[in-house]
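Trainee: For His271, the entry in TrEMBL reads active site, nucleophile. TrEMBL lists Trp169, Glu179, Asp199, Lys201, 262-273 with the feature substrate binding site. What TrEMBL records for 1-46 is region 'Disordered'.
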Amino acid sequence: MADALAKRQTGGDEINELSQKVKRVKADNESKNGGGQTEESPENVLSGFQTSAVLSDSARDKSIFLHGQLAGQEAVMILEKTPIREDSLAELLSGSKLNLEMRNDIYSTYRLQPPPHLNEIKTTVVCPATEKHVKKYQRQESFLVEERGDDYQSITLPYIQEQRFSVQWVYNILEKKAEADRIVYEDPDQTVGFVLLPDFKWDQKQVDDLYLIAISHQRGIKSLRDLTSEHIPLLQNIFQKGKEAILQRYNMPFSKLRVYLHYQPSYYHLHVHFTKLGYEAPGCSVERAHLLTDVIQNLQSDPQYYKTRTLHFPLRADDGLLSRFKDAGRL
């Protein structure tokens, strides 16, 4: 179970400057305005990053996760190659340097060196990073947990309460103290309202990997387990107005969207994921994602459905919740 996404924190002048120049993940990405404007830094604020370990990497996803120090504080850095965009293909092909590597009959391979502005690497920094952040991005074995309704009450809920995962960064968004310029749509109603904004996993330069998050204004709903039939109007409102806002802003019809909730969630405040169908977003697999339409129908059929339903979800080997399930003889 991923810990709560990091709040932006300060730690001296260098970290204050860093927080103005570098995007945060939530985790998750960490996440959420279609403007896509970025602030240019007059200097490389990451030049002082000292790498201590490679947490994980993926040749398939063109990404690498690093642990190190920045301005004397523990930090995690995520480097991801940005997608090739259709609107830049002509410039990419005509303005790049090309070196032949191999030619054999009809086949040839080259090493293409594009102009710097077409060769960006999306960089996400978590600083100061805790041990939990480091473990979150470290490659580990996962296990599928079977959680009954009574398991949630006796194992999972006490663990969540003991850990006291912070969602202050979520409240900052809802209260317009942070990221207000990134909000795509808002329904301000405190019972059924929400804010919709791009997830930081999406660079907003193309819709093929569209990823937005709807964050509920109503507080106190930690996850699927807290949902009952009284929350159906909230879920229906997020579903209806969320897809309408995406259609209007990005010309993306509902038939091309995947709308779902995670269990376990990466942070314990009700939020709904909107991604383009076909984009393999992290956590969209069947063992963790629950389609919002299914959730609504389940609650219409049984108001207490998620209070009693057995749910399955993956946990990493070092997750404290996994240890609790092992200690209880449930794994």
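Cβ atoms are placed via backbone N, Cα and C, with glycine included.
Describe each of these features in terms of where it is and what it packs against.
Mentor: A C-beta separation below 8 Å, combined with a sequence spacing of at least six in one chain, links His271 (active site, nucleophile) to Val170, Ile213, Ala214, Ile215, Ser216, Leu261, Pro265.
Around His262 (substrate binding site), the same-chain residues at least 6 positions away in sequence with a Cβ under 8 Å from its Cβ are His273, Gly283, Arg288, Ala289, His290.
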Trainee: Name the residue among the binding-site residues Leu270, Val272 whose Cβ has the smallest number of other Cβ atoms within 10 Å.
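Mentor: With the binding-site residues Leu270, Val272, fewest surrounding Cβ atoms within 10 Å: Val272.
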